[in-house]
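Per TrEMBL, coiled coil is recorded for 785-834, 896-1035. According to TrEMBL, the compositional bias 'Basic and acidic residues' annotation covers 1160-1171. Taken from TrEMBL, the feature domain 'EML-like second beta-propeller' applies to 372-646. Taken from TrEMBL, the feature region 'Disordered' applies to 1146-1171. As annotated by TrEMBL, repeat 'WD' applies to 364-399, 487-528, 613-646.
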Amino acid sequence: MSAVVAQSHFIFGLRRGVDNNVCFFDEQTVVFPCGNNCVCYNTVHRHQRFIPGSEKSQGMRALAISSNRRYLAVSECGEKATITVFDLQHEQGRKRKVLTAGDVPVQEFVCMAFSPDSKYLIGQTGGPEWMLIFWLWEKQKVLASVKTSNANNPITQVSFNPYNNMQLCVSGTGVFKLFRYSEGALKQSSFPKVESINFLCHTWMTAERVIAGTDTGRLLVFESGDLRREINTSSKGVQEQPDRQVGTRMIRDTDVDETSTVSRITAILSYSKGFVCSMGPGTVCLFEKTDEDSYRKSRGIKILPDPHSNEMTQADCQEIDTMCISPAEETLAISTDQGQLYSVSLSSVDIHKDERVHFEFLSQSFHSKSITGLSVCLRKPLAATSSLDRSVRIWNYETKALELYKEFQEEAYSVALHPTGLFILVGFSDKLRLMNLVIDDIRTFKEFTVRSCRECAFSHGGHMFAAVNGNVIHIYSVTSFENILNLKGHNGKIRGIEWSLDDSRLVSCGIDGAVYEWNTQSGKRESESVLKSCSYTDVAFSSDCKSILAVGSDLMLKEIQDCQVLREVPADEVAHTAIAVSHSGRVVFTGAASGTIRAIKYPLPIQKDWIMYQAHCGPVTKMVITYDDQFLLTASEDGCLSMWKIIDKEGRGLKSNRQIVHTEEILVTKSDLEEKTQNMLELKMRLEELQMENEYQLRLKDMNYNEKMKEISDKFTQQIKSLQTAQQTMKTEMEKNDCEHQESSAEVRVKHSRELKDLETSYSQKLIVEHEKHQDLQHQYQRMKEDFEIQRKSAEEHNIQALEELTQSYEAKLQEKTQQLAQYQEEAEQEICGFKEIIKQVEEDEERKIHDIQIKYEKKLHTVKETNTNLKGETGIMAQKSHSLQRQIEDRGTDINKLKQERQRLLGLIRSLESDIEDLKRQIAGHEKTNQDKDKTISGLKKKNQELEKLRFVLDFQLSELKKQTEPQQDEISEKQERIRQLQEELLQTDQSNTQLKLTVSDLRLKLRTRDKEMHKEMQKLKDLEIHLQRLMSDLHNCVGFIQDPRKLKESVQMIYTRYVPQTEGVEKSGVDQDVQRAFGRQRDHQERTVNSLKMRAAKSAEEHEETYFRIMKENVSLITEINDLRKELCLVRTQVGDYKAQLTSYKRSHQLRPNSGEGPKKEPTHEDVS
């Protein structure tokens, strides 16, 4: 592989023919297609990030960005159309999923849209099928598909309902349909009759309302899929047509009468205030929502005519393709059919409502058609391009900006930059023009009779240039403009030329299959290579100029030396169209007809060994490497200019053998300089006049502002006095409140101490009673244990004796039987054979008897064991009862601990309230100090006002003297009097504002009074709560007295429950012990609930008190801020007074220096007229 690689750096251009070809990623980043890439362009930092397209795609067809601005879907054409979803939050735009239509053969997806939650994606295929496919894209699963139109009615847009993931809208020629996804299928939910209407775009306004734009310039409103009315675009309102049949009839009638002059609505977009739509070429209109059903046309934004274009109607005749709004709705960006990107700030549109706002280029203007020429220079970082859009543009590849551009009447076929960067050579259909690159223009100063010059190039020294006319190369001198040589030899059109480094040779190639090397001194051919089966497209010298590299239609990269082909590098299925060789000689770049770029190491390899890059979507027309080997520039038929950074595999730039210094000189004509100097002089004169006028106006303002200062100071002193009195009343009220709070807190402490003592005594008595009961139960348990053990031992002894007796009896019987058997055996030895059967029967009978006896005794043993187990279970139950009693005692102890903790918490709350009261006292003391400081500042201001009044009397005396000197200026004084009247009106306005301030002060006083009333109400609420608590505690104390009598205790608890707790249904009765236990449990739960409710009420009351204190503090802070603002205004007025004094002294000096005019005396204006 090659050690040198190319990295995408920047690209100029916009790919047309892509649906939704501009969208916002964030507030500063715009995504748009350019070439075979998607570009993420940061408009602030001027940085681009690239997402390359797939290798085998035949071009992009549509873009879609998700509502969360994270995912980008790109539709690409091919044998099998695909949709690729990229993750934009990843730095390199990581590919997430690739979606296809499954088994359905699809060549392209015309438009796409993400669902509001970004989980689903819809894609509309092209004709003749026109299928709408619904994906769960993260799982690459096709959920449903439906046919939306026939072959004659194309679809223009699909979209999701932003309020419902399952509802879709499809619009096109004679098509407006709403679909809903349910039960695994897309079902049409509306059937409007719109066969005669061509819908170009639509947008969702609400969950039920859709506004659609037509090719006849109409805005139609659909509600729930039915046509309701039409928005009148001519006037600022809505034409209401509630009847659906009337609306459709009007549309059909007007469709017949429409003419070709009607503006098409090609794009529409909704936002928070209404919607934006295109209204004809180069115009966008903003519609604002006035109420629920109507919209008003508020503003129109246009694209300004291009000042660099000779045809004034070209720029503003662009048709708008796509619109998008930034996430914060600050910026509106649009793309046009001529491949341009514009933007406008919506905030500036809102601010400058009375002024005209126009679109500006988002970055800079681009070529709209195929680029035919590309050239760079040596002394400046500039690149020049020419295009079939009749424009020539000068780009700066270091600053990534467009330096100059100009449009002409004819198409530009070729371009060449002089090595100095000050001149440019452009080939047109009629002539070849040599032009100067002036500071803001491209101006022609010499024309040459070379028609349809497709190729031109300056020599490296800049003293000559070569121009191609058909199959002849003309060489001219730059100094004398004479035709030095005419190089003839090609039989077909010449497609490429290049100078050698020393300008002694020139190489050319043509479609006739010939590559010639010319001597520029003698005009003779030094070498040639002819291959008639190949039409060459570009040629270049190697870095040492010893060999020639050429590409053509035979899919081969050839290296030619001494009339022979040294090496050939075969391409794939796509032919090379352009070639560029680095000056270091390490790499060769070629451009292909598919728009790809290949980096091939040099010397050329024998096998296919290169790196391929996705660059353009059309054939590469020109390629140039800058003289410092840092950048590769490529141009294509798609109108895009791409910049590539040449680096090695370690990321470092290539080192150049030559030191190139870029200059900053520019050309400026003498007439331009004279015009600018004259404009400067005129502006200076105007400045002096304005200064004189401003000085006089400032003096008049000084007088008026002094009077205002007096009035304002008097008003503020009165206000300050009233505020001081209000503060004193507030202080007294605060002291009263503090005393009341201290008394109430002392009472609460005493009450809580008493209640705690009562609770301790009651619970101690309960504990003593429970302890005695527990001891009695323990004694009973021990007695029961002893009885059960005695019974168990006696039963075991009785069973053992019975078993022993039975065993002894049966053993005796067995001995007797054995003796009898022995006797019978001795007596009947002779009769054994006869009596064997009898013996067997007897033995069987005996075994049966023994078995029966064993079964009987085993049953008896089993019954005895069961009785033992029953006795053991009873003992376990008794043990469990004793454990439960112990647990109850422990629970009572925990309850006592909880009550102690609650007491500590209440004490902590009392302490926190005391600390809050102390903080409030400190704040009040701080407010008193601030008020004293304010009084001091007010007294200082009064002294300064007195000094200002003295100065005013001095200035009045000086003004009277000045009036005597300014007698011939009565005409001007009459004009200034009108200004004085205006200032008097301003005085009236200030008086009105002061009255409003007084009203606000009175409102604040009323608020303070209402707050005091609220405080008293809250105190009464607290007292009521305390009384309620006392009653509850007294009832509980009385209830504890009946703890020995369960029935009375139960009745008293029920009485407390009915008084303080909402009643519930009764409880089932059981034994006396269970009732007592339940009564204790209920009493404990009820006490816990009452304590918790009291805690909550106390916390709420504390919070309400804190809120009232905070409100009062906030109001005091607002009053202090108002006083500070008034101080600032006083400081500003003082500074203005100082400025006016300085201006008066300067004005006096200027009038003293002026000579008195020779006119007769006029009537002296009085002091009343001036003031």
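Even glycines carry a Cβ here, placed using N, Cα and C.
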Could you give the residue numbers and ranges of same-chain residues that sit at least 6 residues beyond the repeat 'WD' (487-528) on either side and whose C-beta is under 8 angstroms from one of its C-beta atoms?
454-455, 457-461, 463-464, 466, 468, 470-475, 534-541, 545, 548, 550, 552, 560, 562-563
In the repeat 'WD' (364-399), how many residues does DSSP call helix, how many strand, and how many coil?
0 helix, 18 strand, 18 coil
Just give the helix, strand and coil counts over the repeat 'WD' (613-646), going by DSSP.
0 helix, 20 strand, 14 coil
Residue distribution over DSSP helix, strand and coil in the repeat 'WD' (487-528):
0 helix, 24 strand, 18 coil
